[in-house]
Amino acid sequence: MAISPDLCCAVVMALQNLIMITLLTRTPKGSFMRWICFPSMVYLAYLEGVLNNLSAATFMFKMRTGGHSFTFLIQLINLLYITDVDLTTLPNRSKAAFQLLLTIRGIGTPWQPKNIPPFPAVMQTNPPPGRTQYVVRQLAIIIWQGLFLRLLAHPRLHPDQSFYNRGQEFSYRLDQWPGRLACTYIVGLIPSYLFLDMMYRGAAILFVGSGDHSVSQWPPLFGSLADSYTCRGFWGKFWHQYLRWPFSSFSNCVTTRILKLSRPSLVERYLNVFIVFSLSMIMHMIGDIVAGVEGGAHFGTVLFFLSHIVAIMFEDAVQYVWRTTVTQRSRRPRGPTHTGPEDNQKQKNGGVNADADTVVPAAITRDAAAVPPLWQRCVGFVWVVLWIAVSWSWWYYPIIRTMIKHGDLSATSSGKDVVPGWELPMMVGLVAGGAVLLRVVFKAEP
């Protein structure tokens with residue numbers, strides 16, 4: 001009787017976690033035992049990828065989870081060799097080790113990375129909401145996200161199958177843009193966001209509802225869309241920061257410990273960005289390999305992730321030129337102005353008697369400078385939406401071609417003629433009504 005690859009994969013993953021927890025709780029920092037176990041952990045990560053490839057899971061599930069073996073290995077390097085975590089002296093060390101492996105973001109620890117999204121305003125009351133209120137809110141959001149996913153899967157919203165023919169990802173004809181935007185956001189980006197967020201909220205319901213974790217240990221996975229007016233803001237503030245700690249720790253180790261680059265500096269800054277995006281690229285490439293993606297997928301994946309490094313550098317350059325230009329204009333000398341006795345008296349008094357409407361607190365000026373004007377943010381949103389639509393197809397079209405080859409037409413308009421005409425308006429109404437309900441009852445925020 002053949003042994004199921006899914007069962008073997010589960011055993012390997014359990015063994016990985018057991019070894020990691022043992023090393024964190026039983027060996028001090030710098031222990032030679034940690035280095036002895038490293039080759040076996042690399043082999044187990046490789047074995048996990050092979051077994052995941054042989055499993056009976058769906059193509060999309062393999063693609064979204066196939067990179068776990070790589071991320072687990074990076075987190076292992078971070079915990080045992082870079083951050084050098086030592087839990088041997090803690091009374092509840094096993095639970096602390098499990099927590100580090102569970103969330104990866106190091107919530108509530110000295111290693112919690114910056115830009116962790118804050119809780120929504122409704123969760124920041126005094127006293128804070130209880131477990132029941134938190135769980136009910138998460139459950140309501142998950143139900144709505146499931147309806148939204150069902151809406152996005154409707155074939156009438158998807159491009160025709162011929163739209164994904166080989167080489168079309170590099171074609172930018174005007175008539176292709178509706179389909180390109182649909183593929184990027186309706187087929188790819190928004191469903192990925194909903195899938196990841198649903199999994200995270202489901203885990204939060206399990207651990208918070210059971211009483212094992214507190215609400216504070218499960219902050220939101222994604223940030224606010226309001227920060228997405230630049231590519232840097234989209235990836236650094238809005239998109240999930242789940243892997244920020246291990247990836248940033250690895251990149252900082254390379255730039256500051258190995259290369260001894262001064263910090264802060266332009267070289268150190270952009271090399272960190274390059275390393276983090278490269279690690280994310282490798283993770284997704286492994287997921288593509290595990291899922292069996294064909295047809296130039298690796299080139300498209302490399303192009304997508306590395307192009308966003310160039311996009312971030314371009315944004316920084318544009319913002320620098322804009323700030324420099326505005327600063328130079330503001331420093332230009334103005335013509336002579338008449339100063340009366342009242343003005344002279346105000347200058348002597350250090351502006352104490354100045355009109356109230358001319359006094360601007362420093363905190364307000366800092367906040368105003370931190371957030372660009374509305375028109376600049378609108379231009380930024382358009383730039384981000386279009387750039388992601390341009391680059392997303394390089395990575396995702398080969399994935400969809402592989403799905404079509406295996407008989408999965410869920411990303412195409414196939415079957416739209418047999419779907420009842422009333423279904424799409426009904427789903428739109430349910431999703432819109434659910435969004436209003438979440439906003440009114442649970443104070444949900446975009």
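Glycine residues also receive a Cβ, built from the backbone N, Cα and C atoms like all the rest.
What TrEMBL records for 7-26 (among others) is transmembrane segment. When Cβ-Cβ distances below 8 Å are used as the criterion, the transmembrane segment (7-26) is approached by residues 33-34, 37, 40-41, 44-45, 47-48, 51-52, 55, 68, 72, 76, 79-80, 85-88, 93-94, 97-98, 100-101 of the same chain, each at least six residues removed from its ends.
The transmembrane segment annotation in TrEMBL covers 32-54 (among others).
Summarising the annotation, TrEMBL assigns transmembrane segment to 139-157 (among others).
The transmembrane segment annotation in TrEMBL covers 177-196 (among others).
Feature annotation from TrEMBL assigns domain 'Wax synthase' to 218-306. For the domain 'Wax synthase' (218-306), the DSSP counts in helix, strand and coil order read 62 helix, 0 strand, 27 coil.
As annotated by TrEMBL, transmembrane segment applies to 270-293 (among others).
Per TrEMBL, transmembrane segment is recorded for 299-322 (among others).
According to TrEMBL, the feature region 'Disordered' maps to 329-353.
Long-range contacts of the transmembrane segment (378-397) within the same chain: residues 164, 168-170, 172, 177, 180-181, 183-185, 187-189, 228-231, 234, 284, 297, 300-301, 303-305, 307-308, 311, 372, each at least 6 residues beyond the stretch ends and with a Cβ under 8 Å from a Cβ of the stretch. Summarising the annotation, TrEMBL assigns transmembrane segment to 378-397 (among others).
Positions annotated as transmembrane segment by TrEMBL: 424-442 (among others).
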Between 139-157, 270-293, 299-322, 424-442, who has the most Cβ pairs under 8 Å to the transmembrane segment (32-54)?
270-293
Tell me if the transmembrane segment (177-196) touches the transmembrane segment (424-442). I count contact as 3 or more CB pairs below 8 A, with pairs 6 or more residues apart.
no
